[in-house]
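So the structure is just underneath, and the comments pick up after that.
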Amino acid sequence: MHKFTGVNAKFQQPALRNLSPVVVEREREEFVGFFPQIVRDLTEDGIGHPEVGDAVARLKEVLQYNAPGGKCNRGLTVVAAYRELSGPGQKDAESLRCALAVGWCIELFQAFFLVADDIMDQSLTRRGQLCWYKKEGVGLDAINDSFLLESSVYRVLKKYCRQRPYYVHLLELFLQTAYQTELGQMLDLITAPVSKVDLSHFSEERYKAIVKYKTAFYSFYLPVAAAMYMVGIDSKEEHENAKAILLEMGEYFQIQDDYLDCFGDPALTGKVGTDIQDNKCSWLVVQCLQRVTPEQRQLLEDNYGRKEPEKVAKVKELYEAVGMRAAFQQYEESSYRRLQELIEKHSNRLPKEIFLGLAQKIYKRQK
């Protein structure tokens with residue numbers, strides 16, 4: 001059992017610690033700078049292979065287009081949490097390389113989901129560039145590319161962690177999280193099929209289930225849980241305590257995402273929102289349904305889930321009319337207070353700063 005050696009020093013997401021901008025940038029550069037090594041690990045041996053060399057060359061292109069370019073919050077969280085939780089005997093260079101590799105496993109995991117999700121949502125841009133499937137010559141071949149990104153996760157885990165006592169824990173964690181995320185995606189798809197608009201399915205309970213499974217497990221619990229296993233924190237109680245905080249944080253994050261999809265600046269978010277056109281069970285439409293008059297509900301029925309720009313505009317006008325901007329601001333304040341209460345209640349033997357740093361990182365974000 002891990003003795004929690006060295007967990008008293010304060011931890012926050014790299015951008016939030018009281019460090020100089022130079023140090024913050026160095027930590028990010030260290031993580032981003034490890035990516036070429038990940039690409040080499042995954043492609044170097046296969047690129048010249050007489051049988052599969054062409055396919056591995058394609059994998060290299062897929063990796064370089066889809067894995068970098070994001071904020072890297074999930075991957076950076078693994079590394080920062082590992083540094084905070086690890087004892088003196090766990091801070092050697094090789095152990096830190098393992099943490100960097102596991103961080104990149106989560107970024108590859110994210111890329112796998114996003115490539116597939118963009119196809120299903122018929123999205124146009126991602127991280128300020130064309131979605132991979134929209135690139136000339138890619139199209140639906142991107143489905144197989146997403147599979148390659150997923151299998152890359154397990155190849156990296158094997159290379160860096162196979163000899164480590166936590167290897168099986170990480171394998172099971174990634175496999176379970178993939179299943180949970182895919183269940184969440186399925187809930188999302190069957191709740192709001194593109195071909196049929198039925199707002200009666202858009203309940204708060206269903207929305208919370210979609211968010212928990214589709215976003216919260218892999219975006220918040222997975223990075224922290226991975227770091228916990230890597231330092232030997234494997235008790236069910238500690239993981240349940242962390243999960244109670246992190247799943248709530250994931251819900252908060254997704255509600256922000258839904259708000260930014262409609263009201264955010266694409267120049268900041270890097271993507272053009274499509275939730276209204278895609279008939280998504282988003283926080284905005286669920287809350288709007290609780291506020292509308294019968295006439296306004298009919299307007300929503302007639303215009304939600306339609307591709308025409310004028311119909312999308314009518315939904316946005318309705319959101320303004322029923323006060324969704326103010327409703328979100330009120331939610332953001334109350335949810336942040338609730339998160340702080342949960343952290344106080346559940347962080348027990350884990351340092352509160354891990355959770356407070358994550359919460360502060362996403363509070364009032366614009367992208």
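Glycine is treated like the rest: Cβ placed from N, Cα and C.
The structure displayed is predicted, hence computed values, not measured ones.
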Isopentenyl diphosphate binding, same site as LYS71, ARG74, GLN110 - Swiss-Prot member from ARG58, ARG97, ARG127: ARG127
For ARG127 (isopentenyl diphosphate binding site), the three-state class that DSSP assigns: coil
Any further residue of that chain within 8 Å (Cβ to the Cβ centroid of LYS71, ARG74, GLN110, ARG127) of the recorded isopentenyl diphosphate site: GLY69, GLY70, CYS72, ASN73, GLY75, GLU107
Packing count at PHE113 (site 'Important for determining product chain length') (other Cβ atoms within 10 Å of its Cβ): 22
